[in-house]
Every structure is written in C-alpha cells, then in structure tokens.
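Copied over from TrEMBL:
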COMPBIAS  217-228  compositional bias 'Low complexity'
DOMAIN    7-446  domain 'Major facilitator superfamily (MFS) profile'
REGION    216-239  region 'Disordered'
SIGNAL    1-23  signal peptide
TRANSMEM  46-68  transmembrane segment
TRANSMEM  80-97  transmembrane segment
TRANSMEM  103-131  transmembrane segment
TRANSMEM  151-172  transmembrane segment
TRANSMEM  178-196  transmembrane segment
TRANSMEM  250-269  transmembrane segment
TRANSMEM  299-319  transmembrane segment
TRANSMEM  326-344  transmembrane segment
TRANSMEM  350-368  transmembrane segment
TRANSMEM  388-411  transmembrane segment
TRANSMEM  417-437  transmembrane segment
Amino acid sequence: MNTDLAGLGHLFVVFFLFHFSSSMVIPAIIDVTMEAVCPGRDECSVAIYLSGFQNAVTGLGAVVVTPIVGNLSDRYGRKALMTLPVTVAILPLFVLACNRSEVYFYVFYVATIVAGIFCQGTMHSLCFAYVSSSVRTQADHVRPRRRAAAFALLSGVSAAGFVSGTLTARFLAASSTFQVAAAVATATALYLRVFLPDSGGVSCTDGDQACDPLLQASSSSTSSSASSSDEELSPRLPPHKAGLPSLSDMFTFLTGSLAMSGAATITFFCSLGEHGLETALLYYLKAQFGYSKDEFADLLLIVGAAGMLSQLTVMPILAPILGEEILLIVGLLGGCTQVFLYGIAWSYWVPYLSAAFVILSAFVNPSIRTNVSKNVASNEQGIAQGCISGISSFGSILGPLIFTPLTAWALSETGPFNIKGFSILCAGICTVIAFIISLRMRGAQCSACKKSIVQQEQA
C-alpha cells in the first residue's frame, strides 16, 4: 500500500487545501445570503430560489465542461488541467473577502456560478484520474486491487479538508472567514504549480495493450469465455477520437457495459437525492429548529469527521475483504437512513444523529469511482471519471429545479400540511432507487459469475 501511494503525497496536500478553503465558508454562506437578500428574517423564499438557480446553472455548465476537461487531461496531463479549477476557485472568495455588502454579494453570486462550472466535479474527476495515471510511466499509478483503498484515502483527505475548514470557521468571524479562505485558495494554486508532479498525457492507440495493464492482465489470465466477459466490462471510446469526443461517443462509452451503465445510473440518482438534500437541509434546519452559523458548523463537523473516519480507516480495511460492490450497497443503505432521519427529525438533536450515518454513506462515491476505474483503459481514465462527474452534475441540475420549489412550498406558512421535511423525504426516495439498482446489479453480476463457472466446467 505504501509503495502504491508513494507518488501521491503532493496530490493529497493539494486536495486537502482545496477542500479546506472551499468548506471554510459554507457555514457562513446562509447567514450572508439571508442578510443580503432578506435582512432580519429566518425564512426567505427568494434566498432558496437564488440557491436553487445557482446550483442548476452550475450543474448545467459542469455537465458540458467536466467530460471535456477530463478528455483534455488524458492528452495534456492532469496537472495542467487541475490548474484551471484551483485558480478559478479563488475569485468568489476574494470578492467577499473585500466586502460583504449587497452589491458585493451579487458579484460573489455570479462569480460562484462561474467558478462552480469549472470546479464542480472537475477537481474530483482529475484527482481520481491522477491516482490511476503514472508520473513516470504509462502504467497505472495504483494497482487495480488497491484502487478502492486508494480512492477511499483520497476521499478521506477531502473529508479531512472539509472538517478542518469547518472547524476553523467555527472560531472565525464571518469577515475573517472569507479572507482566510481566499488566502488558502491562493496558496493551493501556488503549491500545485510548484510541487505537484505532472502525470503527463497518454498517447496510446486504441489497440495498444502495452499501455493498458488492465487489458494485459485480462488477456494473459483468462479463457475465451472470460475474455468475452472482460470485453463487456471494458468499454472503449470509438476509434475516431482524434479530437474531443462527441455526445454520442460519450453515450456509447457509458452504455457499453453493465458496469459503466450501472455506475452512471446509480450516480445520477445519488446526485439527484444528494443535491435535493443540500438544497433543502440548511433552510429546513433554520426554519424548523432555528439553526444559525454555529449550529451549521457543528453539524458539518460531524458530517466531515464521520466521512473522514470512514474513508481513511474503515473503507481501506473493508474494501479488500468485501469488495466495492458490497460496500456500495452498504453505503446506499446508510444514505437512505441518513436522509429519512433528517426528514422526520422531531428534535434539534436528531440531525446530529442522522449525520453520523455518513460513516456508511461515505462508501458510495469511492466505490463507484473504483468500479469505473477498473473497467476502462489507462488512457481513458480522465474521460471516464469526467463522464461520471458529468452525470453527477446533471443530477445537480435537476435537483435544485425539482427540490427548490418543493422546499419553498414545504417551508411556507401557506402549505397544505405541516411537514417541513417533506422535500427531504422526497430526496430520500432517489437514494432508495439507487439502492435498489445496486442490488439488481449485484444480482446480475452473481448470475454472470455462476454462468461463467458453469461454462468453464463444461469446457
């Protein structure tokens, strides 16, 4: 494990600082937004709609940008393309670091949308692709059997940055929070350019297996029946990939195997439920229990600490034993429990209990990313992870469009029933659908394995 991860130290530092700076401002955003849009009020439909519009536009842009950036990173290297989101993320933080008046808030609002288009999903997909790319060779950076643990550690570093940023915000005034966040974001960009080794572009041809250890392993250790199964699980982009792939190319890529289509479908419903929850949760807690900046920070600390514990310790231990398919099912089950507890919270402490289930739901994203990484070639890691991030961004478009009016309606005084967590319960249904799909995928994989064993015995 230590040998596999020897070249990733600087990547972990960049990923940590990136999330440290971005998460530091999250607890203060709601109060800043309410102060600028609806001063002196605890409920404000305008603020909810502004947040929903921002998420929808950001997601729409990310759907287009993320796969393109991932494809460009396959050709020109991960470091060059990572510079884009890390640099753009500085702009909105700098705006509110200067002033938090109403005019500056709306400038910040526009800058956040622009930055989100280039940052939402892009940084994650590039870092996951970097883990699978070599700094010095065209072999995988981390061996396939260790990828689940490596991706879990990368996600754990993200959670550590989230916890550290949120904890720092807990002890800073709102004005100082944005200044410190802007300074850390600037330091992140400088550190990336100076210290992070470049993974380099990959120039393998479509039929070059020398560049593809996944294909080498499958071709040297399987029978003819197993080889056909490997082909089904290893989609390749169409051979006419001289320039950027078209939408039809990416659709073919995502639907070319059971593993990729299943990962895309689960990612969509998870993203839809997650962004539905994000759209509603903080406004719901403020209206239902009167949460403020400090309570938000406490809740986010529990979420981040649980995710960090899960991804840095629990998942690396369980992944080699259970496999990412089982961990995905367990994670989705934990996610369902978490969301429904939020929605039916009957006291101010219930959301804190619900947040503890992140220990399980944190398994979901690394498990999906591992499945994707194992089923594509080395020279397609960027476009594959970018496509999955694009699917997630598509869910982030629909989430605000669906759940913003639903949340405003559920929290309004004119609603037909007094269930303020109604929109959160609806978001939980999306997670339940993803859970059911993961069970069906697991069943299909078990059936395929049994069929392959029978064929081998008959041969």
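These residue numbers are counts, starting from 1, taken along the chain as shown.
Keep in mind that glycine also has a Cβ here, set from the backbone N, Cα and C atoms.
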Surrounding residues of the transmembrane segment (178-196) on its own chain - C-beta under 8 Å, 6+ positions past either end: 10-11, 13-14, 17-18, 20-22, 24-25, 28, 79, 82-83, 86-87, 89-90, 93-94, 96-97, 100, 165, 168, 172
When counting Cβ pairs under 8 Å to the transmembrane segment (417-437), the leader among 103-131, 250-269, 299-319, 388-411: 388-411
Interface present between the transmembrane segment (250-269) and the transmembrane segment (151-172) (three or more C-beta pairs under 8 A): no
Paired segments the transmembrane segment (46-68) and the transmembrane segment (388-411) in contact, 3+ CB pairs under 8 A: yes
Selection from 103-131, 250-269, 350-368, 388-411, the stretch that has most Cβ pairs under 8 A to the transmembrane segment (80-97): 103-131
Overall pLDDT for the domain 'Major facilitator superfamily (MFS) profile' (7-446), taken as the rounded mean: 78
